[in-house]
Structure formats: structure tokens, C-alpha cells
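Data block below; observations after.
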Amino acid sequence: MEIDNQSNWDSYVDWKNRPAISNRHGGLVAASFVLGVEVLENLAFLANASNLVLYMSEYMHFSPSTSANSVTNFMGTAFLLALLGGFLSDAFCTTYYIYLISALIEFLGLVILTIQARSSSLKPRKCELGVPNMPCEQVHGAQAAMLFIGLYLVALGVGGIKGSLPPHGAEQFDESTPRGRKQRSTFFNYFVFCLSFGALIAVTFVVWMEDNKGWQWGFGIATLAIFLSIPIFLAGSPFYRNKIPRGSPLTTISKVIIAALLNSSASSSKNSSTVIATMTSSPSPPIPASKDVESIETASSSSLSFLNRAVSDTPACGTLKCTVQQVEEVKIVMKLLPIFACTIMLNCCLAQLNTFSVHQAASMNTKVGSLKVPPASLPVFPVVFIMILAPVYDHFIIPFARRVTKTEMGISHLQRIGIGLFLSIVAMAIAALVEIKRKGVVTDSGLIDSAKPLPITFFWIAFQYLFLGSADLFVLAGLLEFCFSEAPVSMRSLATSLSWASLAIGYYLSSVIVSIVNRVTGISTNKPWLSGRNLNHYHLDRFYWLMCILSALNFMHYLFWATKYKYASVKSSK
């Protein structure tokens, strides 16, 4: 009994690189430090990202569309760099060290932005629209360099954190038991809860400070938050278990694909027979305890069979000799990609929350009684809803679904993602209808060329925030857990990073769609839908209808792949 209690976790070490012990390392205590860190980490990131479009336009003097594109490019880069963080965690360093390095990089970037925001000599001089002797000059030269160096250092740090922190927390649970898997599912739900809690502080208190006390306060609070996250993370060091890196997952993927191509072109029918014999006679590959052996073996004979050719006794190149396990791991990752691709359109819609929707709210009446609410605080609606829904989902909806379906998951990851994608369609339809109403008020009040607030409350914009926020909860938590639980152990950090890469590509795609829409409408009508400094001249309602149609097409595309997907493990409740 003593030996069992002191048994080691296979392939895991503690922070001093000693074998991790089962009753000492990992579990809910270790994961709780990760959840606490996520609150501060997301506070630091969203404290500025949620309001950055106004900083870029009002203080750096970019046009609304250029500001929107600058913000989406910054956000996209930050989330895309999560792939780098995930790759390094799987290949070279543990998630523990990747987080610490990334947090220091983000801290440095925020220090640079705080210094620039505090000093008037490091920003363009103040201007006023329509006043000839106070022209608005866009930031350039050394000032622009300082701005973008600070922003993209933050993006690099955020990417590393997003790529390492979620898998670090998920790795703390024993997936060989139903209890451990259920705790891991709870962790992902509360990870999104903590992410939202940090966002709540960011879009209320920090945004208010930025609008009323100055941007140096906003950047300063973000700097303090990411700095405090480091000692909190370090305090959990005695409890963490850290997965030992197993080498580059990209090398394995490339090796299998190239070997399959070369063996296919070089092999004769005799070699093909050898491949089949090898695949059927080899012992079952060692797989994680959470994977169902039978389903993996079935996949090797019926799914992506082209990759089976990578296993050969006489490979076209000796250095490309692959094992059955390597082939099966690559197959699993490749089957994740269509699901990942279908979530990109949702994140393209989410990009609008940080860009055009903020400008819409800024043009409306933002007073609640005597209190003037900053437009960038609008995300408080979906954030609060997520914070309510996440524990309700975990403690009531999922247990009920488990009893009804007699399965361990209750609601599958793919069902959860599908709900989110459907809600995004509804959200964009609502956004279009609200913009039609806003434009009607503009016309009726004769304020089309005025900077005065419109006689319509900004609460109308809350509806699109509410539905898109709900969609984000279902898709992000579902995709994070889906990628982590389905991916091979050696590729989990990289696979989990696909959730953030989806956000990145969505933000980039948003910029591309805006540019294409402007180009096409500019040619056909000589008046682009989304250009100029005055939002009242935009055809934002038409743009939102276009996004609604694209989201609907994407949802049908998702249904095709989701119905074809077979889980690597399907477990009944115990």
C-alpha cells in the first residue's frame, strides 16, 4: 500500500525535474493556481485590447477602419503565437517554463506602452476633427515604432501564455480514471469562468480608468496584473506535475506525411502487401489511458488509409522509418483540423466586438442615469452571462445530461461547439437589425455629420454582445477540451493551441473581409461600405448581413464534419 501511495506519474516531473509522485503532485490544488493566474493574465491582456481601438483612433489618430484593422492584426498575432507556445511546450520546455518566460516578455511590452502613454512627447499632438489649425496627424516614425514594438512584445508574451497555461492546468488530472476526466472537464469550464472574471475587471474598472484618468493608468494596471501573476504561479510549484517534452510534434507529422508520399511512389505491389501485413500484425501501439484501444485500431484500417503507407519494412528513405503509433498520432491530429477550421468564422464575428461594435456604442447615448459608461465596457454583458452560465453548465446541465444519455460527457464536445456556432448566426442577424435601427435614428435626428451622441441608448448593442459572448463560451471551452482530450499526449499543448489559432485566423480573416468588401463595393458603387472617419456613412448593416450568411454556410459545413467524426474514446458513465 505504501508503494502505491508513493507511485510516480509516468512521463511527468516536478518543478525540480524529479519524478512526480501521484499523491503529492497534480490534482485540484495544483490546477487552482492556474485558474488564479488566468484571472490576472486575461485582465492584463483585455484591459487594453477591449479599448485599444479607441486609443488607436483618438490618441494615435488612425481612421476607424485602420484602427479596427490594427487591433484585429494585434489580437490575431497574439493568438496565432499560441501555436509557438504550444510547440515549445511539447518539443523542448515544459509548460511551466514557457509560461514564466512568456509572462516576462508581456511584462516588458506593457512597460513600454505605459511609458509611451504617460509621456506626451512620445505620442502625436492632440487634435480636433474639423478644426483647421489642429489637424490630426497619424502616428509615425519613432513614436509608431515604440507603439508597435510594445504591442507585439505583448502579443508574443500572450501567445506563449495561451499556448502553455491551459494545457498546464489540464495536465494536473489523472485521465486514467472517470473522476480525473470529470475534474479535467470542470477545469476547462472554470478556466473560461476565470478568463471571463479577468475580462470583467478589465472592461469595467480598467476601461473606466483609461477613459477618465488616462491610458497610462490602464497600461499600468495591466503591467501590475501580469507582474503579480508570476509569484502566484510560482507559489504552486511544489504541487505541479509537468509533462516531459517528447520532441517536436511537427517533426513527427512531417515525417509521417513525407514517408507516406515517398513509399507510395516508390513501392511496388509487393511492398504494399508488406505494409498491410505490418499494420495488421504489429502489436497495438501504446496509447494514453483515456484513448479506447479498439477505436484506434479501427481507425488504422479504415481512416486516412493513405498514411498507412508510412509504415514499411523497406522504406524509401531509412531516416523516414515510421512506427504504427506515430502514424496513428498523426491521423488523430489531422482529423481535428476540419473541426478547428469550422470555428474560425465564429472568431471572425467576435472580432467585431472589439472594433465596429465599440464605435457603434461610442456614437450612442452611453449614460445610465448620471453615470457615463465607457463604450469599451459593453462586453460586461456577455462576460457576466458567461460567469453565470459556466458554473450552471458544469453543476446542473452536465450532470443532468449524463443521467439522461448514460455517457461520461453528457453533452459531447462537438455538440457544444455546434451550439456556439448556431448562436453566432443569431448574433450577426441581431447586429444587422440593431444597426438598421441606429441608422434610422441618425437620419431622423439629422445628426449624420455630427459628433453628438445619438438619442438612442447603447444598450441596444448589448444584444449582439450577449449572443456572441454565449457562442464564445460554448465554442472556446468545447474546443479547448476537445483538442486536449483527443490529441496524442506528445502533441497536446500544440493541439490545444489550435483553439487560440482559430481566434487568430478569425481576426485576420475579419481584416481581409473588411478590405475585400471595401474594394468590391468601392468598384461597384464608388463608395466603399466601410471607409472614412464617420461611422454614420458606413453600410455596417449590410456588412453584418454578409457575416450572418457566411456564418450560416459555415454552420452547415461544420455539421458535415461533426457527423463524420468518431471520438478517439467513447466512455459510458460510471
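The backbone N, Cα and C atoms fix where each Cβ goes, glycine too.
TrEMBL entries are annotated by machine, without manual review.
The annotation transmembrane segment is assigned in TrEMBL to 26-47, 67-89, 96-115, 144-165, 186-209, 215-236, 336-356, 376-396, 417-436, 456-480, 500-523, 543-561.
Beyond the transmembrane segment (144-165), the same-chain residues lying 6 or more positions past its ends with a Cβ under 8 Å from any Cβ of the stretch are 34, 37-38, 41, 45, 48, 60, 74, 77-89, 95, 98-99, 101-110, 112-113, 116, 122, 226, 493-494, 496-497, 500. Note on the transmembrane segment (543-561): residues 338-339, 342, 344-346, 348-349, 352, 356, 417-418, 421-422, 424-425, 428-429, 431-432, 435, 513-514, 517, 529-530 of its chain, located 6 or more positions outside it, place their CB under 8 angstroms from a CB of the stretch. A contact between the transmembrane segment (215-236) and the transmembrane segment (26-47) is present, since 3 or more of their C-beta pairs, 6 or more residues apart, lie under 8 Å. The largest share of C-beta pairs under 8 angstroms with the transmembrane segment (336-356) comes from 500-523, of the ranges 26-47, 67-89, 456-480, 500-523. Here the listed stretches are 67-89, 186-209, 376-396, 456-480, and the one with the most C-beta pairs under 8 angstroms to the transmembrane segment (417-436) is 456-480. The list of residues near the transmembrane segment (376-396) in space but at least 6 beyond its ends in sequence, with Cβ under 8 angstroms from a Cβ of it, reads 50-51, 53-54, 185-186, 189-190, 192-193, 196-197, 199-200, 203-204, 207-208, 210-211, 353, 357-358, 361, 458, 461-462, 465-466, 468-470, 472-473, 477. Between the transmembrane segment (186-209) and the stretches 26-47, 96-115, 500-523, it is 26-47 that has the most C-beta pairs under 8 angstroms. Contact between the transmembrane segment (96-115) and the transmembrane segment (26-47) is supported: at least 3 Cβ pairs lie under 8 Å, counting only residues 6 or more apart in sequence.
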